[in-house]
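Worksheet: one structure, shown below.
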Amino acid sequence: MRYKSRLTGDLDRWIERGWIDRGRRDDILGDVPDPLQRWSAIGALAILGAVLLAMSALTFVAANWDAMPRLARFATILLALWLAMAGAGRALDRGAGALGHALALLGVALFGAAILLTAQTFNMTSFRNTAVLIWSVAGLATAFAIPSRPVLILATLLGALWAGLEIFNPFVDTVIWSYLPLWLVTAWLAVRLRSRASAHLLAIGLALWAGHALYWMDQHLDIADISLHAGATLVFGALALGGALARDRGVTGGGILAAWMAVITMVLALLLQAQFDGPQDEALSGSTYLVTSLGAMAAIGVLLLARLAIGHLRPGPAAGLAAIGALVFVTPYLLAAAGIGGLWWLQLAYGALFYAGAVALILQGSRESAGATGTVGVAAFIGQTLYVYGETFGGLLDTALFFLVGGLILFAMSFGVWRWKRRQQRPAAPAQSGGETS
């Protein structure tokens, strides 16, 4: 509401100055979308009450488990489930949104309790992970039908929990590919409901899933550590650019995904330098790295071109990001060819391009809609500076000189960014007519 209130005041002022017609005021205000419904004290208390009621039902059944017949067990849970869902529908029909969402959340929680109690009653413990998956799907269906962001948040957590249980399942020795369709459906629903909390959970879940997939590659495929590290950097970089493109397109949660993946990419790219001095006898092995890295590089190239085409990325930052991506790609090949200490210039080139990539992120973050990108760029610049200091300088005089030079460089960068922004904001000079006078 703050934006709409500010716009209303601006329109009234512009009308008084004669800049716009009074008759267009209502049309402009009507085109402003309604703001996202924020958390309120009523909604928070109702949600917490639903959680406590769900725990109460589970505790009651558990306390009387041995004394209750099987039919009574299921009847108790199912009755509470249907009462919660019926109450949710009734509350939403009467306009009590907070109570309706809380009761729907309670109903989904009781549905999960019913599934788990069924598995325990009939000794189906080997299917407990599948029960969590069914629970998550039921939560997604409920969130879509109502629609309800609190229920979607619970379903997102349950989907991530199921993937985690499968990862640590000793009988599952493969990548959990089935999590991707569930993730995509959840992401689509998060965009539809404009749930930023679910977007954060989805970004974390995707990062953990990708990390497990890379770990599985390390354990089962022929790939060296530095090749795996470089490949992971490129994969997360491609995911970050995908989130940035979604943000540019106005997709809810795209910026959140881009921020999480950019942080992971920055950390991986920074730590990759620590492996330059290690043994490189097996820097390359097999075709796994080539396939993974080429796929990631192709995705990075397509995403950079797409962002350039829609005008949300300038050629300079795009070139800097592409250059550091290309250097990450060839790093294992160069180290394998040179051996230990044979490519001292690679460290210099990598450090320079890392700085260039950080500056590109800072410049991109100067746009109002990409503040998180600028923050990641600043963090990358500071991290690289600390790494250079740790590898190069030691004494107090060296430290003083280092900070002096670093401060001057940062001031120069600040001045350069200021000049760049002034050029971007400077209006074009009007064309002069050929010698006419009034």
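Numbering starts at 1 and runs along the chain as displayed.
Keep in mind that glycine also has a Cβ here, set from the backbone N, Cα and C atoms.
On the 0 to 100 pLDDT scale, the model's mean across the domain 'DUF2157' (12-151) is 77. The feature domain 'DUF2157' is assigned by TrEMBL to 12-151.
Per TrEMBL, transmembrane segment is recorded for 39-62 (among others).
Residues or ranges marked as transmembrane segment in TrEMBL: 74-92 (among others).
As annotated by TrEMBL, transmembrane segment applies to 98-119 (among others).
Annotation source TrEMBL lists transmembrane segment at 131-162 (among others). Here the transmembrane segment (131-162) has long-range neighbours at 47, 88, 92, 100-102, 104-105, 107-109, 111-112, 115-116, 118-119, 124, 179, 182-183, 185-186, 189-190, 192-195, 197-198, 201-202, 204-205, 208, meaning same-chain residues at least 6 beyond its ends whose C-beta is under 8 angstroms from one of its own.
Positions annotated as transmembrane segment by TrEMBL: 174-191 (among others).
Residues 149, 152-153, 156-157, 159-160, 163-164, 167, 174-176, 179-180, 183, 186-187, 189-190, 223, 228, 231-232, 235-236, 239, 243, 252-253, 256-257, 259-261, 264, 288, 292 of the same chain, all 6+ positions outside the transmembrane segment (198-217), place their C-beta atoms under 8 angstroms from a C-beta of that stretch. For 198-217 (among others), the entry in TrEMBL reads transmembrane segment.
Look at TrEMBL and you will find 223-245 (among others) tagged as transmembrane segment.
According to TrEMBL, the feature transmembrane segment maps to 257-276 (among others).
Among the features that TrEMBL reports, transmembrane segment is placed at 288-306 (among others).
Residues or ranges marked as transmembrane segment in TrEMBL: 318-338 (among others).
Within the same chain, residues 244, 247, 255, 258-259, 262-263, 266-267, 269-270, 273, 351, 354-355, 357-364, 399, 402, 406 sit at least 6 positions outside the transmembrane segment (370-389) and bring their C-beta atoms closer than 8 Å to a C-beta of that stretch. Taken from TrEMBL, the feature transmembrane segment applies to 370-389 (among others).
Residues or ranges marked as transmembrane segment by TrEMBL: 401-418 (among others).
When each of 74-92, 223-245, 257-276, 288-306 is scored by its Cβ pairs under 8 Å to the transmembrane segment (98-119), the top-ranked stretch turns out to be 74-92. By number of Cβ pairs under 8 Å, the transmembrane segment (318-338) is matched best by 223-245 from the list 223-245, 257-276, 288-306. Most Cβ pairs under 8 A with the transmembrane segment (257-276) among the ranges 74-92, 223-245, 288-306 are made by 223-245. Cβ atoms under 8 Å from those of the transmembrane segment (74-92) belong to residues 57, 60-61, 68, 99-104, 106-107, 110-111, 113-114, 117-118, 146 of the same chain, restricted to positions at least 6 beyond its ends.
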